[in-house]
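Residues annotated as [4Fe-4S] cluster binding site in TrEMBL: A:C658, A:C664, A:C698, A:C702. What TrEMBL lists as siroheme binding site is A:C702. Residues annotated as domain 'FAD/NAD(P)-binding' in TrEMBL: A:24-298. Annotated domain 'NADH-rubredoxin oxidoreductase C-terminal' per TrEMBL: A:335-402, in sequence order. TrEMBL lists A:440-487, A:501-550 with the feature domain 'BFD-like [2Fe-2S]-binding'. The feature domain 'Nitrite/Sulfite reductase ferredoxin-like' is assigned by TrEMBL to A:576-640. According to TrEMBL, the feature domain 'Nitrite/sulphite reductase 4Fe-4S' maps to A:649-785.
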Amino acid sequence: MDFQGTGIGAENRDDAPDTVGTQRLVVIGNGMAGCRAVEEILARDPGRFRITIFGAEPHVNYNRIMLSPVLAGEKSFDEIVINDAAWYADNGIELVAGDPVAAIDRAARTVTANSGRTVGYDRLLIATGSDPFIIPVPGKDLPGVISFRDMKDVDAMLAAADRGGDAVVIGGGLLGLEAAHGLSLRGMKVTVLHLMPTLMERQLDEAAGWLLKTELERRGQTILTGADTAAIVGDGKVEGVALKDGSTIPASLVVMAVGIRPSTALARAAGLAVGRGIQVDDHMVTSDPAILAVGECVEHDGQVYGLVAPLWEMCRALADGLVAEPSGYRGSVTSTKLKVSGIDVFSAGDFSGGDGAEDIVLRDAARGIYKRVVLREDKVVGAVLYGDTADGSWYFDLLRKGDDVSSIRDLIIFGQAFAQGGGQADPKAAVAALSDDAEICGCNGVSKGKVVASIQAGACSLDAVRATCKASASCGSCTGLVENLLALALGDAVESGPKTICKCSSFTHDDVRREIVAQELRSIPEVMQKLHWTTPDGCSSCRPALNYYLLCAWPGAYVDDQQSRFVNERLHANIQKDGTYSVVPRMWGGLTNPRELRAIADVVEKYDAPMVKVTGGQRLDIFGIRKEDLPAVWADLNAAGMVSGHAYGKALRTVKTCVGSEWCRFGTQDSTGLGVKAEKMSWGSWMPHKFKIAVSGCPRNCAEATIKDFGVICVDSGYELHVGGNGGIKLRGTDLLCKVATEQQALDHIAAFIQLYREEAWYLERTAPWIERVGIDHVRRRIVEDAVGREALTARFLFSQSFSQDDPWAARAAGKDREQHAHLGEFRPLEILAAEGAR
Amino acid sequence: MTGDWIDVGALVEIPLRGARTIKAANGEEIAIFRTAGNRLYALVNRCPHKQGHLSQGIVHGDAVTCPLHNWRISLSTGEALGEDEGCVPTIPVRADAGRILISRIAMLATLAA
C-alpha cells in the first residue's frame, strides 16, 4: 500500500482492481467539478482509466455551495459530503487529500505535489476551481480577515461567532450576503459593505436590489452601499474597517467576499494557453491535447463561470469527448437563487435590457413582490424575481429553450398557472370568468359584484369607480382588473381618467403626491415598488417629478438623486444650443456693486465668454462657458461673494424690483428692500417649476409685478399681493390674493403661497395653470381665510429652507462632484494615425 | 489583440444612469453611458436633431433623452425613438476588469466620417 499525504481510500495503482484500464488519469482538484467529471467518466466507461485525484483540502468531495447552510446552522458537514471515502475505494480511485499539486511537467507527463510525490499521467484533468479575490488594501493580512470559500473559512467564522461581537462582510454579492446571513444568525452584529449602489447588482436589477436591502435591514443587518474600503485596521488582529469617506466600522471579524477569479497559476506555469481562465475547446481540451480542464478555472468561448450549473454541462461534454461520442459544450445560460432563508430571489439570463429588449414588470406592494421578465423578439432573455420565485424555473426553461412567447405575452408575468391556464389567455375573459363574490380590491374588500354594481349605477371611469366603491382607491394594484371590468361593462363608453404621471405608471401626479406622504415613501425605488411602476427605472418624465415630490415631502431627510435631474440642475448652469453653458450669479433684488461687476467682468475676459446680457429679471448672464470651466467660473464668482442665481432651476429665479420710495418720486414703500428680503427668504428652494417674484413701489408697476408668480404692488396703505401671473407662452395677469399692512405680513404670505404651490402643483406646472386648475378661491381659502393654516404653511416653508439655502456653486467649486464636468479621457486621432504610419 | 481597444478610464467614474465624455482632438466628443442595468454604450455626443449633448441627458432604460428638445435616442442603435427620425453613430465599448475599453478602429472611422 502506498499512502501519501493524508490520503484516504488510496489504492496503489499496482493494487488497483483488474477491471481498471491501463490509461492513467490524474485529476488536480477534488472539488465539485473534478469529482463530477470523474463520475461522468465512470458512468460511461468505468474501465478506461486508473484515476488519481489530488485535493488541496483535507476532505473528501463536498458540496461547496452548501457551505452557506452549514454556516447558518441549517446543515452539518456530513450532510454536504457528496462522495464519501467508500466511493473512492469502490471505484479504485486514489485520493491524495491535503497535498496540493505544485507543478505539471508536460514533457514528462507528470505532476508533482507539495510533498514531492510525483505521478505520471496519460490524461490530466485540471479542476482547480477559483480563488477568492482579496482586495489589496492595507491590513488585508491581519488575523481575523478571511474569505468565504472552503470549510476552513466556515470553521473560522463559527469560532469568531462563538466569541460574539461585530462582523464586517466586504461584498454585497451572493456569497457576501450568505456569509452575512449566517453570521447574523450566529448572533453577530453584521455590517455589509458594498462598493456598488445596489446589492447583488450582477444578479438583480436596481428595484430588486432595493427590496433585498430593505429586507436585510429589517432583519437587523447594516447595509452600506457605495462603501469603498480604504483599509482594514487593527493592532495585531483585526479591529475595524476604514472607509474612503473617513468613517470606521468596528469589527472583530472581516469576511472578504468581493468575488472569485479562476485559479490558473498551475496551468500558466505549465505553459498552457490562459486568458481570464484556462482556455478550452468545446470538449474541455486545453492547448495541450493531453490535458483537459473543467469548472470555474476554465475559459470557454470567452466566458468564465462562477456558478454550479455550467459545471455539470461541462463535465458531461468532457466525459462524452473523452470516452464516448463527442457532444460538445456550447456555453451555459445561468440562473441564480440566494440561499438566505425566507428571502426569495431569483435571476436568470440577461436582464440589463439593451437592443430591442422589452420589459414586463409586475410590482405587488402588498405582498412585497417584484417580477420582471425581459423579452427580445418574443423570446424570454432574462428574468428577475423577488418575493415570489415559484415560477423561476418555468421562466428559465422558456429562456433556455428560446420558445416564442407571443401567444402568452399578456399573462406571462403572472406565471405558469395563469399563462398556461387554457381559455383564459384574454385578460378580459379571465375577469369575466370570475364569480361575483371574487375579491377585486384587497385593500378595501371590494368584490367583483360591487364593482360591477357601481359601474351599472353610472360610474363610467376609473376615478368614478374609485370614488363610489373604493376599489383601486388605495394601493392601486387592482387597477388593471377594474379597468378590465369597466371595459367589459361599458365597451367604448369608458371615460379615460386624468392623465397619469407618465407611461410608466397608472397613477396621476396627485395620486403619487398623496401616496408618498400617506405611505411615507422615502426613495424613488420605494415609490416605484409601492405604486406598481411598470418600468424598471422610470423615464425622463417621471424620475425628475418623483425626485421633486420626495424632496418636497421630506425636507432635510430625502437624498437628492442627481441622475433624475435635468442637466441644468445637475450642472447648475443653463445648457445652450451649442452645448456651452450660461452662468447667472444672484443679484439680490437686482442690486449690484463695483466688486461684483468687476468679478463678472474678470470672468468674462478670463474664460472668453462671447456675450454678457442683462436678463429680463435684472441680472447679468454670462454666455458661452465650457462645461469643464464651470467649477472655476463659480470659484471666481464665489470669491467676490456671489452665489448661484438658480437661473437654471425649477426654483426661485429672480425678484425684480423698482427703486421705490428711496429714490422714486412716486414710490410709496421700500420696494427694493422688500425685494431683497423676499429673495433672501426664498432663494434655494426647489419648486414644481421656475418661480418669479416682483415688487413694484407704486401702482405704475415698473417691476411688472402683475405677470409674475407672486407680485407685490406697494400702495400708501400697505401691500397688494398678486399671484399666478405668467409672461410665458400664455400671457396671464395675476389674481389679487389680498392686501396686507406690513412688510412682514407680505413676506409671510409669500412664504405660505410658495409652500402651497410646492405641495400641491404637479411637477412642471407653473403657478398660472395650477391656479386655473384649482381655482383662486381655493388659494384664498388656504392662505387668506385660514390664518392658522397660513402660519403652518409659512412654518413648513421656512423649515424646508433651513436645509436648502446653501450655494450649490460653492460645493461644486470646492471639489464635490467636480469630476462630472471634466472629460473622462482624451482621444487624439492624429497621433494614432501618425503612429500607424501607413495612413 | 492589444491596441484594438483603448482604455479611457475607470468604470466607477461613470455613475449608474450617467454618462461621461471623451474629448477627441478634432473637437468631437464621444459620450459613454452606463445604464441602470450596468450596460455600457458609446455614442457620438451629438443629437441627430440639433446636435444637443446627449451625455447631459437623463438616462432611462437603454435610452437617453436629449437635454435640448427631449428627443429620445436608443443607446444601443443610436436611432431616435418614437415619432422622431434620425441616427447618431455608435462605437463599440466594453468594460473589462473595471476599465472602460473603446474600439480604436471604430473611433477612427467615426471621427473621420
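Each position is counted from 1, following the chain as shown.
Just so you know, glycine gets a Cβ as well, placed from its N, Cα and C.
Those TrEMBL annotations? Automatic predictions, nothing curated.
The residues near the [4Fe-4S] cluster site, meaning same-chain residues not in A:C658, A:C664, A:C698, A:C702 whose C-beta sits within 8 angstroms of the mean position of the site's C-beta atoms, are A:V659, A:G660, A:F666, A:G667, A:S671, A:S696, A:G697, A:R700, A:N701, A:A703, in sequence order. Around A:C702 ([4Fe-4S] cluster binding site), taking its Cβ as the centre, 18 other Cβ atoms fall within 10 Å, counting all chains. Between the domain 'NADH-rubredoxin oxidoreductase C-terminal' (A:335-402) and the stretches A:24-298, A:440-487, A:576-640, A:649-785, the greatest number of Cβ pairs separated by less than 8 Å involves A:24-298. Under DSSP, residues within the domain 'Nitrite/Sulfite reductase ferredoxin-like' (A:576-640) fall into helix, strand and coil as 29 helix, 14 strand, 22 coil. Packing around A:C698 ([4Fe-4S] cluster binding site) is summarised by its Cβ count: 20 other Cβ atoms lie within 10 angstroms of its Cβ, all protein chains included. Applying an 8 A CB threshold to same-chain residues 6+ apart, the list for A:C658 ([4Fe-4S] cluster binding site) reads A:C664, A:G667, A:S671, A:T672, A:V695, A:S696, A:G697, A:C702, A:A703.
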